[in-house]
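Following: one structure in structure tokens, then a few remarks.
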Amino acid sequence: MSEKEIIRAEGYHVPVLLHESIEALVTNPDGIYLDCTFGGGGHSRHILEQLSPKGHLFSFDRDPDALANCSIKDDRFTFVRSNFRHLLHFMDYYGIEQVDGILADLGLSSHHLDDESRGFSFRFDAPLDMRMNSCGGKTAAQLIADSTQEELGAILANYGELKGSYRIATLLKRASDGGKLQTIQDLLTTVAPVIPERDKKSLAKLFQGLRIAVNDEIGALQQLLTDGTQLLRPEGRFVIITYHSLEDRPVKNFFRSGNISGERVTDHFGVPLTHISPLHSKPILPSAEEETRNPRSRSAKLRIGVKG
């Protein structure tokens, strides 16, 4: 990557575990690879550096900002403006039957957290949006309005892992039904009796729970694992970076047991019914140097799965 490209990519999102992930991913320079989360393009640019003239990279991102930020001009590169959950459809469209590797850097980019208008952070007042694709789908405000109190409580309990989730849901529904829940500040004011603004950890969990539900992140991850397994050629690799247990647990379970629940399913001979095996027993973590350089990398875990 040139110095200008590095500055451009890191201004949007600092790639996490960059060298470790690309070293694990690119096993065949002539191969076909997928970057499921283009973001600022840091991983994609590094993948292209490892490919031969015969190789090709397809990069997915549903965020219009990612497309606007994309400056890669390379015949070996195709940008797909879509959620990665649709990778089978698009690979069929492009006539691709198998790929050599699939990379996914899950979670929010630095761009999402630092963009004051998107509603992903409680640091800024903004519309209560939280959509990764700002051109379609329900906003967080609409999700709250359309959910029952019980459904909203379950979202906050399961995706935010929040204590008192049903009490918080009651406050949110009351404010939403009264037309008083349209902005981030409205949200903070509404939940203040349970989560004061100084309780940053609980606020982060609240925002995480709503964001995951708005974007159906766990459903998309499950579909990526299932459809990606079908698309990978033998010895092809999943390389997935997660940032919290709700992302990491399904990936770990899928690599070990073939399903996100972790239930061990075997055939009549006791052989596990899984097509993917973990390359390492434990995840790869950022170095101390990377954590110092990029504090947002501290919770990252890299897992590698190989198709048998």
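From the backbone N, Cα and C atoms, a Cβ is placed for every residue, glycine too.
Curation does not apply to TrEMBL; its annotations are automatic.
Here TrEMBL flags GLY41, GLY42, HIS43, ASP61, PHE84, ASP105, HIS112 as S-adenosyl-L-methionine binding site. Secondary structure at HIS43 (S-adenosyl-L-methionine binding site), taken from DSSP and collapsed to helix, strand or coil, is helix.
Residues 14, 16-17, 20-21, 24, 110, 113, 229, 232-244, 248, 251-252, 254-255, 275 of the same chain lie 6 or more positions beyond the ends of the region 'Disordered' (281-308) yet place their CB under 8 Å from a CB of it. TrEMBL lists 281-308 with the feature region 'Disordered'.
TrEMBL lists 295-308 with the feature compositional bias 'Basic residues'. When DSSP labels each residue, the compositional bias 'Basic residues' (295-308) comes out as 3 helix, 7 strand, 4 coil, counted as helix, strand and coil in that order.
ASP105 (S-adenosyl-L-methionine binding site) falls within a strand segment according to DSSP.
Take the CB of PHE84 (S-adenosyl-L-methionine binding site) and look out to 10 A: across all protein chains shown you find 25 other CB atoms.
The DSSP secondary structure for ASP61 (S-adenosyl-L-methionine binding site) is coil. Around the Cβ of GLY41 (S-adenosyl-L-methionine binding site), the number of neighbouring Cβ atoms within 10 Å comes to 27.
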